[in-house]
């Protein structure tokens with residue numbers, strides 16, 4: 001049936017609905033928001049373009065309408081108030097998620113739950129813990145977008161199609177994330193070797209510049225236009241495609257870890273096999289010892305916040 005429900009019709013939720021409608025992968029898309037008028041307006045606006053794309057039924061609904069959904073995407077959440085700490089915001093969003101997830105589970109406990117709201121790693125773990133859903137059926141957008149930014153910036157440097165660049169940003173979707181430089185390659189050629197071939201410099205300063213631009217990307221965009229939503233909507237579309245097409249594609253989604261690199265009791269991003277039933281497997285990359293240590297530090301950052309939450 002390929003039915004999707006999107007909880008939250010803000011910038012990210014509405015743009016995700018539009019992007020999914022354009023993709024033609026869903027037969028039904030439901031928009032649900034506390035502001036019903038906003039959801040109805042977005043649904044109408046997108047629906048009026050359906051004659052130009054593949055047929056799709058798109059409408060605003062309520063929690064009862066998530067029944068029969070194959071994927072439930074959650075983009076809803078509170079925005080940070082002036083002077084509010086990150087931890088206070090996390091606590092507020094945790095309370096919001098407890099309410100949302102409880103309502104959703106009553107209606108649909110067979111869907112795959114895809115979390116997009118930030119901080120996505122923490123809220124993915126919160127959803128997993130309070131939903132009682134089987135492992136693999138709760139995942140977050142994680143560093144799928146960060147990895148795309150990484151490949152894009154490398155593609156500009158190397159003048160190569162980003163689809164031919166293989167590299168990952170892993171760990172937290174946030175300031176403690178890390179680039180897995182030790183395995184980054186172009187057509188199987190390690191990035192340092194490729195840079196030598198094309199005459200481009202790939203010294204430490206180059207790596208720092210690329211990585212810092214990845215980490216700072218959202219801040220830069222928010223400073224210029226107030227929010228990010230186009231690229232993340234495309235990242236969500238890519239995850240949805242992998243699920244509906246049962247691709248077993250490798251994407252850096254966020255999910256509860258089960259001992260990878262010695263890490264448990266936290267959700268973080270690692271390259272994961274994604275198919276019809278959600279996460280099939282999490283891959284452990286042959287990282288350097290320095291990268292493994294950085295990944296574990298990223299886990300501790302998230303764990304320290306989770307320990308402050310009532311879940």
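Glycine is treated like the rest: Cβ placed from N, Cα and C.
In Swiss-Prot this protein carries:
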- 12, 33, 38, 63, 77, 78, 116, 117, 118, 141: NAD(+) binding site (BINDING)
- 80, 86, 118, 119, 120, 121, 146, 147, 148, 149, 228: substrate binding site (BINDING)
- 151, 166: beta-D-fructose 1,6-bisphosphate binding site (BINDING)
- 173: active site, proton acceptor (ACT_SITE)
- 219: phosphotyrosine (MOD_RES)
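Here the features listed in Swiss-Prot are painted onto the structure.
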residue: 12; record: NAD(+) binding site; Cβ neighbours (10 Å): 25
residue: 77; record: NAD(+) binding site; Cβ neighbours (10 Å): 24
residue: 116; record: NAD(+) binding site; Cβ neighbours (10 Å): 27
residue: 118; record: NAD(+) binding site; Cβ neighbours (10 Å): 21
residue: 146; record: substrate binding site; Cβ neighbours (10 Å): 26
residue: 151; record: beta-D-fructose 1,6-bisphosphate binding site; Cβ neighbours (10 Å): 23
residue: 166; record: beta-D-fructose 1,6-bisphosphate binding site; Cβ neighbours (10 Å): 19
residue: 173; record: active site, proton acceptor; Cβ neighbours (10 Å): 28
residue: 219; record: phosphotyrosine; Cβ neighbours (10 Å): 11
residue: 228; record: substrate binding site; Cβ neighbours (10 Å): 18
Tell me, in order along the sequence, which recorded positions from 146, 151, 166, 173, 228 have their CA within 10 Å of residue 118 (NAD(+) binding site).
173
Run through 120, 151, 166, 219, 228 for me and report the recorded positions whose CA is within 10 Å of the CA of residue 12 (NAD(+) binding site), in sequence order.
228
Can you name the binding-site residues among 38, 116, 120, 148 whose CA is within 10 A of the CA of the residue listed as 'phosphotyrosine'?
none
Which recorded positions from the set 38, 77, 116, 166, 173 come within 10 angstroms of residue 146 (substrate binding site), judged by C-alpha positions?
173
Mind telling me which of the binding-site residues 120, 148 has the densest Cβ neighbourhood, counting other Cβ atoms within 10 Å?
120
Which of the recorded positions 38, 77, 166, 173 has its Cα nearest to the Cα of residue 120 (substrate binding site)?
173
I'd like the number of other C-beta atoms within 10 A of the C-beta of residue 38 (NAD(+) binding site), please.
17
Between the Cα atoms of residue 151 (beta-D-fructose 1,6-bisphosphate binding site) and residue 116 (NAD(+) binding site), find the distance and write it as a whole number of Å.
21
Cα-Cα separation of residue 173 (active site, proton acceptor) and residue 116 (NAD(+) binding site), in Å?
11
